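Input: a single structure, listed below in structure tokens.
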Amino acid sequence: MKEKIAYLGMGIWGFCLASLLANKGYHVVGWARNAELIAQLQTEKRHPQVPDVPIHPNLSFTTDMAEAVENASMIVEGVSSAGIRPVSEQLKTITNLNVPFVITSKGIEQHTGLLLSEIVVEIFGNDASQYLGYLSGPSIAREVLKGCPCSVVISAYNPDTLKKIHNAFLTPTFRVYPNSDLKGVALGGALKNIIAIACGISDGFRFGDNAKSGLVTRGLHEIRKFATIMNCRPDTLNGLAGLGDLCTTCFSSLSRNTKFGKLIAQGMTVAQAKAEIGMVVEGVYTALSAYQIAKHHKIDMPITTGIYRVLYENLDIQEGIAALLQRNTKEEYL
């Protein structure tokens, strides 16, 4: 009998990783609230966002969360950052966490400033920490689905949990590197989306590669400063969860955050750009949370502040660019 894994969330990234696990021989049950999506997956055997990819026979779908998690040896979530609280609350009514719970979403909760792992612990209690894992890194879903080589990191507080998750996801083309700094891994994946929006704006104005590389480098500096204040290891941000994810998100034509930045640079409103993309743009929500936390801790994050002001205070983009370029220069410190 195949080992069962429950996957909560069937967006393109959830479908991608669920397919990877199914290909490894696991019986994967994908869950989503969207009954129309689940019906389409069941009947058409294709995901609407990647219709060229057939559904693996080891992958089935349901709208019943209890059915999805029953007898599962691992639970993986792939919902939006805004969805992890209601999904975790629903899961709590069904079961306590006593198997590895893998977070694959990237973000910071608005208004509370909590990392997604902290939300899960708040709902399930401190004992849940031993089952928590975090998967992050430079990973475009469509490339992973094609079997292109990809390297990510897995982090967990408990060594046994880390080993189980590592072994579940590792394939010849999906390289999984352990990292014990769960908070740093989580922050790297969340904050890079803000910098990606800035890079998209740069693309929209055709500022070129020099400007974009400058944004990526100074953006990484902001992320490292933020993470250090939050008691993360700075070296984590030099690896796959930081620099690696940042580069992919900022330079890939498939990045929704970069696309979003480009669209607003071309004159769309925030609402219009989000509607055009048609998927969650996590950087929009993370910008608010990161700005509020940075302000509270007095962390100087000019790129993040600029993006926040454009998105939430209607700052003219040209004025925001001018403000960045007119800042006093100082000794480069990375």
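Just so you know, glycine gets a Cβ as well, placed from its N, Cα and C.
The sn-glycerol 3-phosphate site recorded in Swiss-Prot comprises Lys106, Gly137, Ser139, Asp245, Ser255, Arg256, Asn257 together with one of Lys183, Lys192, Lys295, Lys298, namely Lys192.
Cβ crowding, taken as the number of other Cβ atoms within 10 Å, peaks at Asp245 among the binding-site residues Asp245, Glu282.
Between the alpha carbons (Cα) of Arg33 (NADPH binding site) and Gly137 (sn-glycerol 3-phosphate binding site) lies a span of roughly 26 Å. Ranking the binding-site residues Ser139, Asn257 by the number of CB atoms within 10 A of their own CB puts Asn257 at the top. Fewest Cβ neighbours within 10 Å among the binding-site residues Arg33, Lys106, Lys192, Arg256: this applies to Arg33. Cα spacing between Ser139 (sn-glycerol 3-phosphate binding site) and Trp13 (NADPH binding site): 9 Å, rounded to the nearest whole number. Around Ser255 (sn-glycerol 3-phosphate binding site), the same-chain residues six or more apart in sequence whose CB sits under 8 Å from its CB are Ile140, Ala196, Gly200, Thr248, Thr249, listed in sequence order.
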